[in-house]
Structure formats: structure tokens, C-alpha cells
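**Student:** Among the features that TrEMBL reports, domain 'ABC transmembrane type-1' is placed at A:73-262. Here TrEMBL flags A:75-100, A:112-132, A:138-155, A:190-217, A:242-262 as transmembrane segment.
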Amino acid sequence: MRALRLAVRLRPAKLALAVLGLVVVLMAVGDTIAPYDPLHQDTTAILAGPSAEHWLGTDYVGRDVLSRLLAGSRLSVVAAAEAVGLGLLLGVLPGLASVYFGRVFEWLSLRVMDGLMALPFIIFAIAVAALLGNGLHQAMFAVGVLLAPTFYRVTRAAAIGLRQAQYVEAGTLFGATRWRIVRTHVWQKVLPTVVVTTATAMAGALLVVSSLTFLGIGVQPPAPTWGGMLASDLGYLTQRPFGPVAPALLIIVTVAALNALADAIRDATGDGAPASAAPLHEEVPDAISAAVRR
Amino acid sequence: MRALHAVGRAALIAVPVLLISTFITFGLGALSDQNPAAAAMGETATQADIDRLNHEFGLDRPFLERYATWIGDAVTGDLGRSWFTHIPVAESIGQRLPVSLSIAALALLLAVVLGAAAGIGAALNAGGWFDRAVTAVSAALSTIPAFVAGIALIVVFSVLIPVFPAGGYVPPSQGVGPWLTYLMLPAVALSLDSAADLARQLRTGLVGTLRENYVTGAVVRGLGPRRVVFGHALRNGAGPAVAVLGLHVPRLIGGAVITETVFAMPGLGQLATTGALQGDVPVVQGTLLVAIALVLVSSVVVNVALARLRPGSGRTV
């Protein structure tokens, strides 16, 4: 916890938190401050450029781009958060359990996580949307399941490192239960790593959400999303070449802020999760590379 | 021989992974109430239609038996038939795979060339303006999703300065020149993220290696900078970068699916997306199986290459 407080004082973290705070506020109150109904079609102003009435212009059926962006933020961010939450649940708990619940569970969970790591995000999410019905919850279920191995690995690595630590051994000798050890010592150690991973996973999930909605997976057409807006802009580039700028910038700035936040926490804690600001599946040693190196 | 052993061991891991991941996918398909009659006829399907088509596609048999048949057929190259068009799935995938693979392969090549040039340049000039420029640009690039980069490239190079086509695909049999023209923008869009990551890793690895005593020794012995960097430092400094490259291969395969949609190319992505929107389960499952197989094969290849590149890596760890 101390490390997290330290991290928040760093300047890049403050900036990132400010950006993220703004996104969250826009998400929460977006539809009340939006100048128009995101589905309202103004047929007198189709594919209009920025003006006093429409600050960011209008799209191909005359819908206000700013209002659609505000409304789309909620769908995109909530969906990404849903996926990350599921990934946390399915990753952290088995990660801890794999260290403390005996060999059979350890072996089984490692194999399942290896299997999940071989699944490509987008294609798996498309497949799940096809099998369980085309909705954002179904697609996010798929993304969450695929995020689980990342959380599983970082949690497990931190917990394994602690199994041998002398103060944990001392705690055990003093009669602390396994649950107490996990709750006090292990959790303290795992928390910063999990927070870093959550931030990068959130960035990755936002990219996946916008990619999927761009493909039309998970949303029904009139509903606005960041990716869906880009997809509809793509058809009218000759009339409105700068149309994609606003939704694209919103995606990029949010993702960059999440990555910067993760970097700041990592710098402050010193150890943290390995690898760079790049999104998913970064902490390698997967079974195949281990087999080759053996 | 060592390489062969490594391949064997990796395959021993890859096969169960393939079985587990396909089992998960197939299980989801069985859990859902999707059936060919509802998919093809919608609300008008009668119970008799449903039963008839379920029987035709073997859906009235037990789950495990169906999985065993499916995976057994898949090994022989039979992925079943589309519920809609009744075209064999393997045939549809065979037509589209070259498109996706072309994009992914060209993107990989571009990523290696751009990333290596930027990374080596930055390491040689550590602390200088080029180094800082590479760091800043690569940090910026890794936050831009491939499909956004693709849209930006279309705006600049097809709409504002029309030099490249905004979309479409021409097979290499109709001329390598046109083929490359159509592939260039999607491949560049897809490669940026990997190139940036590669440049970063290569820079870090090389900066560390260039401080080693044996590099100083080589310089003292009077070897030219080219020989020192490419003969001595690169081989040892490139390890992390090659490992990262291995991680990027699956990402490139997944990313190709979206990039080709941006550029309206008839690849696996289009097949999977239309299949998903129609509820065409065999098509989607087949695409996923092929994608998983590609990821596993490329993972084995990269890891074996890594073991060959650094003979020392086989002994450590």
C-alpha cells in the first residue's frame, strides 16, 4: 500500500490519474451534458465539419459526433472493466491456490492457463460471440477468460517467491494459519504487482473492446461505441478525412494514461511486474519456451 | 540433433495445449443452443427441420463423441461444413489463409527491419537525439491500435496523397508488384507496434552488451565498429528482442484479422466475423483451430531459433 501511495505522488502518475479521472467523469455524466441525443439524426447537417452547433461535426446520417463519443465512452469503459474484473477473479485466486492447494491443482491449473495463452484474443472473442450470442457481455467474458493467465502468472510468481521467505516461515512457526499468511504477507507482496497488471490489462482490454466493436462484434449498430464510430467513419474518408481523429485520440490517450500509470507504479515499487508498457501476454516463460530451454 | 530434440519436446507441450484449448472452444459450442436450422432458417424452422439438420450435422450424438470426431477429422484436414453455405470449412479457410498470412508475414519482416534499424541506431547513439527520438516514438506507437494506425495510413496515403489503394487484395499470381502495393499499408499498420517493442528491447539489450569487457576488448584489438556490433555485441544483445518477437507472432496473427477488415481484404478475419454474426459455428471453430495451430507452430519455431541463436541459453536456466 505504501508503494501505491508513493507512486501516486510521481508526476507522470498524477497526469495519468487526471486523464483517467476525466474519462471516468465523462463516462458517468456524459449523457446528461451531451448536447444532443446520440441517436438523433440531423438531416440538414450530414457529414458536417466542426461548427458552433456540432463541436466535432456530424457523421454520415447527421448524428452529433461529440454526443456519440460521450455516450460511447460508457459502453467501452464498462465493457473493458467487466473483462478485467473477470480476469482478476479467474487469475488471482487460482494463482494463489496453485501455490497453496497441492500439486494436483497446481498441475491442472498450469495446463489450463497454457491452453488459454495459446488462444488469440480477437479470434477467440469472435468465436465466443458466435457461440453464445453476439453481445458485449459474451465477448467480454471471452476477453476476461483470456486475461486470466496474465494475472495467474504474476500472482503465482509473487506467492512462490514468498513461500521460502524467512518471515513467512517465522509466521508459520508462531502458529499463523495459512489463510492469515495469505491475507497479511502474501497479499501485501502481490498487491502492487496486481495493480500494475490491472492497469496494463485495462489498457489492453480497451484496445480489444474497440477492435471488436470496430468489427461489429458485441454491439447492435445504432448504439455508439468508440470502435463502431471508427468503423462508420471509415466509409466516408473522402468526404470527411479527419472524422476518425476524435474517437482515435480518445482511445489512444486513455490507453497511454493507463500504461503511464502502470509504469509509474512499477517504478515506485522497484520490482513489480516484468516487461514494458506493451499490453498483453508479456510475462513469457510459457511451457514451450521452457521445454526448448530445458 | 539438439534442435530436433528441442522440437520434439516443444511438440510434446504443444499437442496437449492444442487439445485443451480446442476442447474449451468446442465445449462452449456445445453449451450454447446454437443449431444449424435456427442459424440458416431463423424463426421459420420447425421442430422437424431442426431434428433433420441436427442429425445431418451429427449434433444428436453425445458431446465427447462429437469432439473426438471433430478433432480426428481436423487432423486429416476436414473441418466440417458451413451450416449456411454447406461449403467445406477447410476450403474456405484455404482460400483466405494466404491473405492473412501475407499481411502477417510482411508485417513481421517490416517489424524486424524497422525495429532492428531503430534499436541498433539508438543503442549506438545512447543518450543522443536519435536515441531519445526512438524512445519517444516507440512509446507513442505502442498505444496506437493497429486498426487506428491503418485508418490514419488510409487518410494520409490514399485520401490526401493517393499513392496506395485504400483497400482490396490481389493475389501474387497476378503480379508481385500489385500484390505488394495492396499489402503495403496494412502490413505497415500491423508492424508498428511490434517494431516499436523490438526497437526498445534491442536498444536495452545492446546498451548493456556494449558495456561488457569483451566488447571493449574487441575495440582495443582494433576491430572496426561494424565488426564489433554485428560480430560480437548483436548476437548476445539480441536475445530479449528475439524472445519478444516470439510473443509478437500470435499478436500479428490476431492483428491481421482486424487490419484486413480495415482494408476490406478477403482474409480469415472477414470469414470469422461474418461467420460469427450469422451464428455459423463450424466456420468459427475451424478458423479458431487454424489460428491456434499457427500460434503454436510459430511459438515452437521462434523458440527453437532462439535456442540455436544463443547456444548458451540451452545450458542456463
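Cβ coordinates come from backbone N, Cα and C, glycine included.
Keep in mind that what you see is a predicted model, and the values were worked out from it rather than measured.
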**Student:** Out of A:112-132, A:138-155, A:190-217, A:242-262, which stretch has the largest tally of CB pairs under 8 angstroms to the transmembrane segment (A:75-100)?
**Tutor:** A:138-155
**Student:** Let me spell it out: take the transmembrane segment (A:242-262), skip the flanking residues so only those 6+ beyond its ends count, and list any with a Cβ under 8 Å from a Cβ in it.
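**Tutor:** Result: 12-13, 15-17, 19-20, 23, 47, 56-57, 59, 65-66, 69, 72-73, 77, 196-197, 199-200, 202-203, 206-207, 210, 226-227, 229-230, 233-234, 236, 273, 277.
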**Student:** Residues of the same chain, at least six outside the transmembrane segment (A:138-155), with any C-beta under 8 angstroms of its C-beta?
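**Tutor:** Sequence-distant neighbours of the transmembrane segment (A:138-155): 79-80, 82-88, 90-92, 94-96, 98, 109, 113-114, 116-117, 119, 121, 124-129, 132, 190, 193-194, 197, 201, 204-205, 208-209, 212, 217-218, 273, 280-283.
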